[in-house]
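Let me begin by presenting the structure, written as structure tokens, before commenting on it.
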Amino acid sequence: MCCLFLRLRDYSTAHALSLPPCQRCGLQPWSARSHARRTLGVRKAGEMLRQEAASLSSSPRWTPSRRDAPCGRTLASASRPSTEGAMADRSSSSSSSPAPASAPGSSFGNKRSYAIHRAASSFPVGTSSSSARDTTYPHTFRTPLSAGNPQRSGHKSWTPQVGYSATSSAVSAHAPSVIVAVVEGRGLARGEIGMASIDLKSPQIMLSQFADNTTYAKVITKLQVLSPLEIIMSNTACVVGNSTKLFTLITENFKNVNFTTVQRKYFNETKGLEYIEQLCIAEFSSVLMEVQSRYYCLAAAAALLKYVEFIQNSVYAPKSLKIYFQGSEQTAMIDSSSAQNLELLVNNQDYRSNHTLFGVLNYTKTAGGSRRLRSNILEPLVDVETISMRLDCVQELLQDEELFFGLQSVISRFLDTEQLLSVLVQIPKQDTVNAAESKITNLIYLKHTLELVEPLKVTLKNCSTPLLRAYYGSLEDHRFGLILDKIKTVINDDARYMKGCLNMRTQKCYAVRSNISEFLDIARRTYTEIVDDIAGMIAQLAEKYSLPLRTSFSSSRGFFIQMTTDCAALSSDQLPSEFIKISKVKNSYSFTSADLIKMNERCQESLREIYHMTYMIVCKLLSEIYEHIHCLYKLSDTVSMLDMLLSFAHACTLSDYVRPEFTDTLAIKQGWHPILEKISAEKPVANNTYITEGSNVLIITGPNMSGKSTYLKQIALCQIMAQIGSYVPAEYASFRIAAQIFTRISTDDDIETNSSTFMKEMKEIAYILHNANDKSLILIDELGRGTNTEEGIGISYAVCEHLLSIKAFTLFTTHFLELCHLDALYLNVENMHFEVQHVKNTSRNKDAILYTYKLSRGLTEEKNYGLKAAEASSLPSSIVLDARDITTQITRQILQNQRSSPEMDRQRAVYHLATRLVQAARNSQLEPDRLRTYLSNLKKKYAGDFPRAVGLPEKTEE
């Protein structure tokens, strides 16, 4: 077999090693056993090869004639390669062995394999494209769809091809992987938005179409929830100097997202409908009725699928995608600014997920569960019946410990089912080693996943709540067993997901049962022999040099030699000269040799051949599975939802949360801040909240640091927790469903957009006023602090009156006590304040402020609490005294409505003139003539200001 293996790859005798080679096979006789096995007749193997090639080339790629594969066949008589010693090191190494050169145009580095591959590849594809993209690193390229677009020369895009990698670090479940196509109607249809999105980790397409206003708030919020990797728009919307307002707003709000423009003709609603009819699985075909007349989302779907097929270099198998329509009315809207203010996903200190609402609730065990939790937090439910069903599940999980721990045990063993499906339903346009390895790996993962269906069903058998019973019913689908049986006729029973790159490599090599392909069995025996030879060679080197050498393996280096010793006593210079690529880590040396590098090359060639033949068998198997694969979408949905509900129940066990009710009133008894509870050593102070339609605006006053902002965030977080189906931190809680949640809390300047604090306030308030309605929850913190007192009071007063008129539930914190008089004009206004206490500080002989963080009725009785806070700080006492005197004088002036005297105006005019002269003397870089003109204008301005200051008539120039 060894001779046949080398002959197929056109190896020459130059591959022979330094020791006397076998005259027949050209390899070193590392062991008499392996040497004897290489005497297999070339004639018989050659005949087998011709038969295999004829069989493969006569069958279409995805519709092969079925090969009878009876169950119960065992592995080939040749044992799997021994991995003892090679398992010691699974870490990746920075250095890598040179890969063998592949034949020109060959996908598998083998002319023979390439010929078989070309003969078998007959699946029609929709678009032509370049060679397959690498699955790990992004490439910059120009797409054919965007040809002719002058402002776009390329983009970078990341496309995952495998569900999991046992040889690399795990990718975050929330790494951007969504591509979105957006199109807007023209003419009278302007404002009608069509969207289509697909997650490259999940084979699901979401379609949306809705009417938006001129602020495009719904579009921006929807994109924020999707967190896209790339956005596709028509090139007519992005013309330089004449781009649409929608394109401008999207680019301003998503600066770090890649944009691709494609020709308008690809936004074709007829083609979009054809795509959906071709790709949508039967169980979700009702979407056709929903979108038949929604032309803009169909157009977006056409452009999206055409583009994804190109960048993925693959097409989706017919009837393999879950396609669904989601309207904008099915979930609550939380804009991106509010999500940031409330710290829903990332905190405002280090921008990580800890100390956020997501961090409080995230005890999920799967990537799908984590993604579902994230999307639910950003888009809470508005349907009370659905929320109540979730709450029933959480309640049963809390009451039944056996169910809780049983589900947790089973769910934690599931892999990322959505990403697994995404890879399985894609058909590569060009077969590569990566594509073959990915399909084999994910078929093993699919087997692992299906084997967990029965344990999950057993755990749910005795559940009583409707939702859990529904999930149990979905698991009784006979197709799970049917798919698993088909897989087991081809895949070994002991082929399973394992940690460690060498473990997983072995699983892939021996995934297919023996006797299904005789040529595959021969190739695997060859691989076994090569691995045994490597182990034997290293054992001989250890004996030859009397060193404690052992075989190790990493994904980057392949097999290499490792030695644990006292590196101080034995330097690298003292190692034998044939050891090369020496690296030292602590008390361990890692190195290889020229012979071992050649053996690794042969091992890789053997793997390529095994992967290719296994891939062809897997493709035949997948063609039989595709018609039943629809049930896996239900399984994916079941697992992710159960994982999220378990996470809610887990969070409840760590704190005294209560089940919320849903009425027309927002009533919270002794509620507290969930994030603050997690990061504080002590339990936060609890407060009551009561808002109804007859009292829908709360004006909240109190000193700085008394807890006003924290209280506002607490209310919003509790509202979101209730609407996603979680228990809430309170003794009792009743909520009115909020269709939108708006906040205006941040007061930082926006340097990037050159916005001051006040301008940012006005933009955020304008956004709220344009989009709020009677189903909104609005939280406004200290509006008007960015301008002078009079204007701040006026703006705050007007905003409050508008919010009073639309009946939105509003909490408004302020330092402007004048707003508290609104309750005299409007019966639906309530005044609240945070209490503080004054404690005598004996050491400094001053009063200290004690913050109670308790909310009480009425307006605050504290006066000049800013001065008291300054006095309690390290500010010098002389400055505090001056400030108090000045405050007293200013207050008196305001009360008496006094105007400044002419003498003060004269002094101010002189002061302004002197200041400008000093600035000109210090900093001016003007030319003499321009400086002379500037000083002349300054003199004229002073001459005009001074007479007005002293009450004299102005002089006019002749």
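Backbone N, Cα and C define each Cβ position, glycine as well.
Marked as ATP binding site by Swiss-Prot on the basis of sequence analysis: GLY702, PRO703, ASN704, MET705, SER706, GLY707, LYS708, SER709. For 91-107, the entry in Swiss-Prot reads compositional bias 'Low complexity'. Residues or ranges marked as compositional bias 'Polar residues' by Swiss-Prot: 124-138, 146-161. Look at Swiss-Prot and you will find 51-110, 124-161 tagged as region 'Disordered'.
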Neighbouring C-beta atoms (10 Å sphere around the C-beta of PRO703 (ATP binding site)): 21
Densest Cβ neighbourhood among ASN704, SER706, SER709 (binding-site residues), 10 Å radius: SER706
ASN704 (ATP binding site) in three-state DSSP notation: coil
Structural state of SER709 (ATP binding site), classified by DSSP into three states: helix
Other CB atoms within 10 A, centred on MET705 (ATP binding site): 16
For GLY702 (ATP binding site), the number of other Cβ atoms found within 10 Å of its own Cβ: 25
CB within-chain contacts under 8 A for GLY707 (ATP binding site), separation at least 6: VAL685, PHE834, TYR851, TYR853, LEU855
For LYS708 (ATP binding site), nearby residues of its own chain (Cβ under 8 Å, 6 or more apart in sequence): ILE700, GLY702, ASP781, GLU782, THR813, PHE834
